[in-house]
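Okay, so here's the structure we're looking at.
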């Protein structure tokens, strides 16, 4: 084996030389080998070349044409090259799948081929010779501008030998595939999509104009990084002269997709000397309480919440204490007369108003892949004398960096839990009958939540409240109130990860039903940060359960729970950004005929970001944009706003209603909700899902009514419908005792087609009456 091709390659590498396996020599190999061993289509580009002490030989191993090359074991030795006496036998197995090589320069091997065929196939050059060639090349042509002018002025084409022609094509092929060259070309506004075309034109120009000396010097260096770095300055001169229109076009695109230095987007905030107070600590450490105290003391203030539910809770609490406070969320606007304080969701933050104190809750959400941009915008753009940040330590370092960039003063206040969270070593041993009063059992799927609820109520005397993300905020608040009330029989909570933030709950112990969840693609372990957030909900100062406990249902999950709680918070290195509409509008002007869905994708490819930021995911936006492409008459701004509507993109019914809303709006018609409503609570899982879906559609209508007020006039009717459905959902959860249905059964059990709202007037009167009673 060692005397065959693999042996020669191995000896060449062991002597620390570079190896070039050229396409031309593969042609020779084909011609000298029988057709039974080598297919006639063998002459295809198959090689790469790397200088230095590494070898890279690439073959398309999965291609039937290369079946003659087998994989084997080789024994390293050297009989022709001085290897400094290191001729010890080393047996090594060589793979064939990877296009890469490791730090030791592992070689893909060939076997069962006569060694004599390699005489003119393997060109071995020592590093010293390669270095001399590189030095000679750079010394002789040190000025790329001068070389380019010589090439441009040349009229006589040099006669190249066939081997030189092939070698030049190899070199330019390597240049075209160089990631370094493609990235550097962006600096002169040659985009990656146009880069191959530019290289092709440059290759033709160079081969036609270059002199024989330049060719020979380049061939000596070969398709290496040295050749790429030598050719690149000449390539730049060629592109600047040859493609001015393309460069100008791409520069305009890049300039409008520039998301670098986002702090400069808010000049009024930069003109202020802001004080940033970071309340850093775990759940149930009092950090948000202290920030809210400062919020209520201020002459005017803003509280920014990650959830509607939490914004509503602060709104109620502050008003109950006699401080007038308004509520702003995507779905509702409640302006309280004489109010100087506002509780809002973070997406509703206004960077135009001036505040004495602003509170940004759950600041670690800046790193959220979808919504992080809202926190980043608020932190950079709020015009407030004091901004209080509440969150865990994961984003502390990047907040320090952002404050250094903006010139804001940063004050850090660190907190610990009032009482440590205790892990119970004794789990529930897989038996839900072991739950106790005050327990919160956390499951990560809707099906599991209801299975747990029904099992507990069947085998124990406990009654369960239920909280999960698809429920309306009003229903979740009702379930939380039911659980916190000691005067009823509902003493166990079954919840999803939605329990991690947004509700004040009197939880004695958090029990994890499982520590795995479906991420939309596969089952994965729950992230440590999420485990800590949820487990930290146990125990609450001032409640009947001040001490927090946590454990798992199954013993096999306990070690992972302990590991997650002991693990420090991961340090965040980047936070989210997303362009404003004005930036999208400028970008669209550069590509006027592009569909909006493609526009967003194009923007994502060309936008420039600082190292501290990432572009937030916009899969949801793109899917809605694709659906709305068929709707004519929408302006760019209309499409932008419709795409951010809170729609469940996995729910065809919700998507259909969004399409219908957009179609009516595009025709300048009043947008109505053509939806009936059940008169009683759900009797099955299918009916419960139907109620959830209906409420989501109504919520979407209310959100759109705040974007397009004139065209969504039936707000009062929709609010009444939404309130009614939220109450029906609460009743349904209290009575839920049905068997969970499969997806097939759910399809069969779909509700009848909507035939319009059945009783709007009476329902509106009822809702008004209830509001009046509450005011009294």
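For all residues, glycine too, the Cβ spot is worked out from N, Cα and C.
Remember, predicted model here, so these are calculated numbers, not experimental data.
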Quick check on the annotations: Swiss-Prot lists motif 'DEIH box' for one of 357-360, 361-364, 365-368, 369-372. Which range is it? 361-364
Of 14-35, 36-57, 58-79, 80-101, the range Swiss-Prot labels region 'Disordered': 80-101
Per DSSP, how many helix, strand and coil residues does the motif 'DEIH box' (361-364) have? 2 helix, 0 strand, 2 coil
Against which stretches of its own chain does the motif 'DEIH box' (361-364) lie, if we need a Cβ under 8 Å and a gap of at least six residues from its ends? 278, 288, 291, 303-306, 310, 375, 379, 389-392, 394-395, 399, 501, 529, 572
Would you mind checking how many other C-beta atoms are within 10 angstroms of the C-beta on residue 281 (ATP binding site)? 21
Which residue among the binding-site residues 282, 286 has the fewest other Cβ atoms within 10 Å of its Cβ, if you could check? 286
Give me the non-local Cβ neighbours of residue 287 (ATP binding site): same chain, 6+ apart in sequence, Cβ-Cβ under 8 Å, ordered along the sequence. 279, 280, 281, 390, 391, 413, 415
One finds that other Cβ atoms within 10 Å of the Cβ of residue 285 (ATP binding site) number exactly 20
Have a look around residue 283 (ATP binding site) and count the other CB atoms within 10 A of its CB, chains all included. 21
Take the motif 'DEIH box' (361-364) and average the pLDDT across it for me. 95
